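According to Swiss-Prot:
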type	residues	note
ACT_SITE	C127	active site, acyl-thioester intermediate
BINDING	S12, G13, N14, I15, S158, A159, G160, P161, G162, T163, R164, A165, N166, N277	NAD(+) binding site
Amino acid sequence: MPKKSSVAIVGSGNISTDLLYKLLRSEWLEPRWMIGIDPESEGLARARKLGLETSAEGVDWLLAQSEKPDLVFEATSAYVHRDAAPRYEEAGIRAIDLTPAAVGPGVVPPANLRDHLDAPNVNMVTCGGQATIPIVHAVSRVVDVPYAEIVASVSSASAGPGTRANIDEFTKTTSAGVQNIGGAQRGKAIIVLNPAEPPMIMRDTIFCAIPEGADHDAITQSIKDVVAEVQTYVPGYRLLNEPQFDEPSVVNGGNHLVTTFVEVEGAGDYLPPYAGNLDIMTAAATKVGEEIAKKSAEASLASGAQA
């Protein structure tokens with residue numbers, strides 16, 4: 001078995017703690033450190049109990065250590081990561097960014113998982129992006145998509161202070177991802193924090209404008225194939241019904257449309273199952289980290305064989 005890549009988690013909130021449990025199961029990644037700024041954080045306490053080295057002194061502490069991680073997963077906030085990103089790169093640490101900072105290229109596994117495995121910093125877009133961009137990609141690889149709009153509805157109970165502070169970045173980063181990763185010519189993103197009790201699981205609606213005469217069967221099959229791919233790392237990701245095709249009308253702006261409805265139920269590793277919006281972020285980040293670690297291990301084996 002190849003040597004695992006060592007990992008530091010920067011941030012000690014809900015997303016970081018859920019991520020920790022996923023990383024502990026990984027065959028390719030070894031979480032060694034968790035870094036925060038609150039000494040009383042439940043995340044740091046859990047990490048210590050699980051054998052990680054922890055600190056509440058932030059990134060300064062991590063970068064001052066003689067041994068540094070191969071990978072950093074950062075789940076803080078956009079402005080914090082923008083400050084830290086150049087410091088990670090200078091230290092030779094690859095960064096997987098779970099904030100909307102978008103310092104590095106965005107990665108959504110079904111769309112472009114292998115395109116940026118050598119980048120020093122990759123961005124996981126947003127929870128809404130991870131849930132909806134695969135569908136836009138599924139449609140755009142069959143037909144041109146002049147416009148795509150996504151509506152992500154998540155439980156208010158799953159939106160902590162970090163999520164709420166990042167709402168503006170969420171809409172900008174997700175809209176850009178719908179275009180740059182999903183393949184739509186124009187994109188728009190809307191997030192809804194639903195206060196319903198008991199909390200509802202994440203539900204997303206994806207509208208894609210398509211050409212007249214588009215092959216509905218091919219689009220439907222492409223969507224189902226992508227859903228199956230996402231389910232390999234997020235088992236609770238599913239279609240709510242068959243993709244719906246609509247003729248042009250005043251309501252839809254005169255476009256031929258395909259509308260897809262998905263829901264995301266979390267695995268319940270640390271966060272409750274209704275927090276599928278957070279679970280899909282940590283699961284996708286783990287998937288990307290494992291692919292980076294695999295490529296690094298393959299490169300090491302190849303160089304060793306040549307020597």
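One-based numbering along the chain as shown.
Cβ atoms here come from the backbone N, Cα and C positions, even for glycine.
Features per Swiss-Prot, on structure.
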residue: S12; record: NAD(+) binding site; Cβ contacts under 8 Å, 6 or more apart: M34, I35, G36, I37, D38, S41, E42, G43, L44, A47, T54
residue: N14; record: NAD(+) binding site; Cβ contacts under 8 Å, 6 or more apart: G43, G160, Y270, L271, A275, L278
residue: C127; record: active site, acyl-thioester intermediate; Cβ contacts under 8 Å, 6 or more apart: A152, V154, M202, N277, L278, I280, M281
residue: S158; record: NAD(+) binding site; Cβ contacts under 8 Å, 6 or more apart: P199, M202, L271, P272, Y274, A275, N277, L278
residue: G162; record: NAD(+) binding site; Cβ contacts under 8 Å, 6 or more apart: G13, I15, A75, T76, S77, T99
residue: R164; record: NAD(+) binding site; Cβ contacts under 8 Å, 6 or more apart: L193
residue: N166; record: NAD(+) binding site; Cβ contacts under 8 Å, 6 or more apart: S77, A78, T99, P100
NAD(+) binding residues S12, G13, N14, I15, S158, A159, G160, P161, G162, T163, R164, A165, N166, N277: largest Cα-Cα distance, in Å and rounded to whole number: 18
Local Cβ density at G160 (NAD(+) binding site) - other Cβ atoms counted within 10 Å: 13
Where N166 (NAD(+) binding site) falls in three-state DSSP terms: coil
